[in-house]
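S.K.: Sharing a structure with you now.
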């Protein structure tokens, strides 16, 4: 502030005498004297600002020269510091996109069907520069945009002051995370590892490093700047793998789960009308409050370049109700704690309490879509138990549950996914990491006692997912 006052005084001393002289001359002019006086006054204000800018530049240049001469041992760092200051004052990475609407009705608490959202339109190369090319069981890993360095560490950006509370499993669990690149597949990311020193994270985030390759299914602490969630709501960034699917006009279509930098899995029945390509579909990551104009960390949005629907998908009974969406460009994993991947399951989670999240309706009959991401805990049930429960509904006593296609969870009154949640991930925790065990598929009503919800059994489709991600 003192330097700004100094610059202003310098400019003022240069102009005040000329300014007063011209004003005294204008006072003697008849007719349009007042208009001319306003114009000249406005002109002098602009000239004053320009001179102030020049004087400030000279002032800071003098400081820089003094620092250069007095800080000999730090001279190598000063040019870089100047570049960082310049970038810090000019880079504007976000843009506001309008019109995110929910179909049929208005979101609860959203204030209307058309919502606004702040998105990151680009990712600074100063934030994401490293490429990690590791391996996981079952296949070769797709290079991950993230931070890595010469000590074979992975560094991610977490909320400031929370690195110590970010626990990373060391037992190797969850290494089934799908990341593929083969000699037959051209990847949009160079397959050659580029080992660099991790740069700094964006404002409000700290760089947190752990040994080894990038790991899926990690849940990071809440961002301090985010507002506290209400009962039944997820905290901001709690489910960083969840994707929002948007149709033309930013209409909410459904949800999905990010499983690697280029692929999102979802329920096939949610995107069947988009597969032909006649209607554009987009994927938004890092979403939480769809009614807010901005959030602490901007969301990222991608167009879907390719659709892969399971070849045995049956629209009548929703068997094999799974699809994969190929994104137009790779997601920069590690840049923020609000976007990461979920792990793919390799074991049964029957009897485990898991979580489903989304923006679907809060009631089957008269519910509204939710502006803020909701969550609910549901227990995974055995196929036999699920079939028995569903036979008590209108499905009848002859209903046979396809245990390959489906997994069931829930049955506690008032706890369930509902209309609009299609494709939302059901995730279970194992060893401190989250696995996408199911995708919301169908149900009989919502939240009825002893009637579980039915989800796509993701474990059955891991081989299909693994082979599909390798397709060009």
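Every residue, even glycine, has its Cβ placed from backbone N, Cα and C.
Just lifted these from Swiss-Prot, have a look:
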- 51-71: transmembrane segment (TRANSMEM)
- 78-98: transmembrane segment (TRANSMEM)
- 122: N-linked glycosylation site (CARBOHYD)
- 133: N-linked glycosylation site (CARBOHYD)
- 149: N-linked glycosylation site (CARBOHYD)
- 152: N-linked glycosylation site (CARBOHYD)
- 223-470: domain 'Peptidase S1' (DOMAIN)
- 354-428: disulfide bond (DISULFID)
- 386-408: disulfide bond (DISULFID)
- 418-446: disulfide bond (DISULFID)
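Tell me what's around each of these sites.
M.R.: Within 10 Å of the C-beta of residue 354 (disulfide bond) there are 24 other C-beta atoms, taking all protein chains into account. Residue 354 (disulfide bond) carries a strand DSSP state (E or B).
For the recorded site, residue 408 (disulfide bond), the DSSP three-state label reads strand.
In this view, residue 446 (disulfide bond) is surrounded by 22 other Cβ atoms within 10 Å of its Cβ, with every protein chain counted.
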S.K.: Can you tell which of 386, 408 has the most other C-beta atoms within 10 Å, given these are the disulfide-bonded residues?
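M.R.: The residue with the most neighbouring Cβ atoms within 10 Å is 408.
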S.K.: Give me the mean pLDDT over the domain 'Peptidase S1' (223-470), rounded to a whole number.
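M.R.: On average, pLDDT over the domain 'Peptidase S1' (223-470) sits at 91.
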S.K.: Run through 386, 408, 418, 446 for me and report the disulfide-bonded residues whose CA is within 10 Å of the CA of residue 354 (disulfide bond), in sequence order.
M.R.: none
S.K.: Residue 386 (disulfide bond): which of the disulfide-bonded residues 418, 428, 446 is the nearest Cα neighbour?
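M.R.: Answer for the nearest of the disulfide-bonded residues: 446.
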